[in-house]
Amino acid sequence: MNNKPLRPLYTLPYAAWIILFVIAPIALIVYYSFLDLVGNFTLDNYRNFFSSVYLKLTISSFWYAFLITAFALLFAYPTAYFLTKTKHKYLWLLLIIIPSWINLLLKTYAFIGLFGLYGPINAFLELTGLGKQQILFTDFSFVFVSVYIFIPFMILPIFNSLDKLNPTLIDASRDLGANSWTTFRRVIWPLTLNGVKSGIQVVFIPALSLFMITRLIAGNKVITLGTAIEQQFLVTQNWGMGSTIAVFLILFMFIIMLMTSGKERGASINGKVK
Amino acid sequence: MKEILRVAALIVTVSVVLWFINSKLNASGGPSAKGTLTVYNWGEFIDPDLLKQFEKETGIKVIYETFDTNEGMMAKIEQGGTSYDITMPSEYMVEMMAEKDLLLPINHNKLSNFKNIDPYFLDLPFDPGNTYSIPYFWGTVGIAFNPTLLEGQTFESWDNLWDPSLKQAVILVDSARETIGMGLNSLDYSLNTTDLDQLRKATDKLKTLSPNVKAVIGDEVTQLMVNGEAAVSLTWSGQAADMMSENEDIDYIVPKEGSNLWFDNIVIPRTAKNIEGAYAFINFMLDAKMAAQNADYVGYSTPNLAALDFMDPEVTSDERFYPDEEARNHLEVYKNLGLEMLGHYNELFLEFKMDMK
């Protein structure tokens, strides 16, 4: 272990892993994105991407990903906050995390039954006199199910940063005459911003590339970049175009990572946040 | 250092041993060795009793695997990982696989039951002279509907789907050629058109259907129709038969402008190892009695003319699933339009889906 010259050897497996499973696939995607159907070099895929259909697709993908992230945050933050105040907070947290272990497709199919015309939600609506509503295959059902699926991933980082928040800081804020709102805005929120940012990362990025749910819950009335990639590879068999969309997806992810990371003041104050 | 080397050596040794065992297994007792036949078929597309009977009669052990898309099936055959002896592509996929040289030509003299097939279904443009394929089942694309959920709406014509009374009632299938094809059919254009102007018109017409479209989905439609959740759907005849067997209210119709006539076919892929076994299997499935039993179980229409005598006349005289020749003349078989045109169809379909709200 103390043998210094051997150090580089220990990094070998990791380097091999990164090259094989991260760098090589991305390089392949970029390579394929410059190929047309018969394998000749072309820039057509990129030109095609900026045509109206794909541009519209990108914008609508971003819009839905934004909605999903915003609602997830709106519900996750207060949930995480109250979780840290409960007596058995780790038990409650576990209960919230457990559903995310269930297969995604299984949960999605369950929602088809719940939201159906003869499902329990409509039965309830009928009881209240509102009458049957078409819930399945709407924007609402799509955003609802997506938020449901992603919310544990939003709660977890926010919970961690709230949990690590030193309670004496809040007491100090109160002592100095701040009311609850000011305390939240000037103390709690800035110190948990890192958690919020990583929550946004893990929700927004996968939400851009959601696909099965768009068909099962939204009936293809919502189309995301993920759906378009799946179609290009499996149906159209145009790997070039599929790769081009994937390249843009990677670019978008990269930009979002840059926007939601970076040095954070709150982290240095707290000292314990990683 | 020693530690690491030891571990590395262990990994290499284990890998070599596993590779050796694997290659040994594949060479001898593995799939598709003598005495076994690997059949690669669509899900729910054969009567399992027939497989048992085949095993009993010939002593060949059948390894049965299923796929759910033509493209997925072709990808596996192309990779060549498993030695499939029999598979069942749809007509356009037969053409594509033949072009890619993935199929073995079929010697008709080895198939004594080949004569049972209705000549109407032989020598079609996707495989002239049936060089590579034998028709297995056939069907149409049409409209499944549940009259109890509709106010007297009928579907003699594709245009009936545009009726304002069907607001948010129609389910389309998530497949470009069927859905764009419906637009083409309603304008009396060919389903195999490569005329960009006609395709544009068909797409624009489809866009006006948006207010009536409830969803564009896949096989989930069967359950929604059976539950009465959906009233009208664009679907394949075989899927409609499934719906009808579970919900008696449902009816199926092929509109008068015509639609698609499709085939799933038996082929022997290049990966085949037990070619004699493959012939024995095809001949067995072509036998009139076996084909009748299979069609009874699967519920699709059989191209086996001799088998019709062994089937329930109520089924074989059902115009919805065994349309007469006059009706069949309005049906069109898909041609392989090439990847570029297929891409264009899909792009238009994407445009239609994006436009839906």
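In case you wondered, yes, glycine gets a Cβ from its N, Cα and C as well.
What TrEMBL lists as domain 'ABC transmembrane type-1' is A:58-260.
Positions annotated as transmembrane segment by TrEMBL: A:12-34 (among others). Sequence-distant contacts of the transmembrane segment (A:12-34) (same chain, at least 6 residues past either end, Cβ-Cβ under 8 Å): 41-43, 45-46, 239-240, 242-244, 246-247, 250.
Annotated transmembrane segment per TrEMBL: A:54-78 (among others), in sequence order.
Look at TrEMBL and you will find A:90-115 (among others) tagged as transmembrane segment. The list of residues near the transmembrane segment (A:90-115) in space but at least 6 beyond its ends in sequence, with Cβ under 8 angstroms from a Cβ of it, reads 79, 83, 121-122, 135-136, 141, 145, 148-149, 151-153, 155-156, 159, 212-213, 216-217.
The transmembrane segment feature in TrEMBL is assigned to A:135-159 (among others).
Under the heading transmembrane segment, TrEMBL lists A:199-218 (among others). Distant neighbours of the transmembrane segment (A:199-218): 61-62, 64-66, 68-69, 72-73, 76, 104-105, 108-109, 111-112, 115, 136-139, 141-142, 145-146, 149-150, 153-158, 224-227, 229-230, 249, 252-253, 256-257, 260-261; these residues of the same chain sit at least 6 beyond its ends, with a Cβ under 8 Å from one of its Cβ atoms.
Residues 26, 29-37, 42, 45-46, 48-49, 54, 58, 62, 200-201, 204-205, 208-209, 225-226, 228-229, 232 of the same chain sit 6 or more residues outside the transmembrane segment (A:238-259) yet have a Cβ under 8 Å from a Cβ within it. Look at TrEMBL and you will find A:238-259 (among others) tagged as transmembrane segment.
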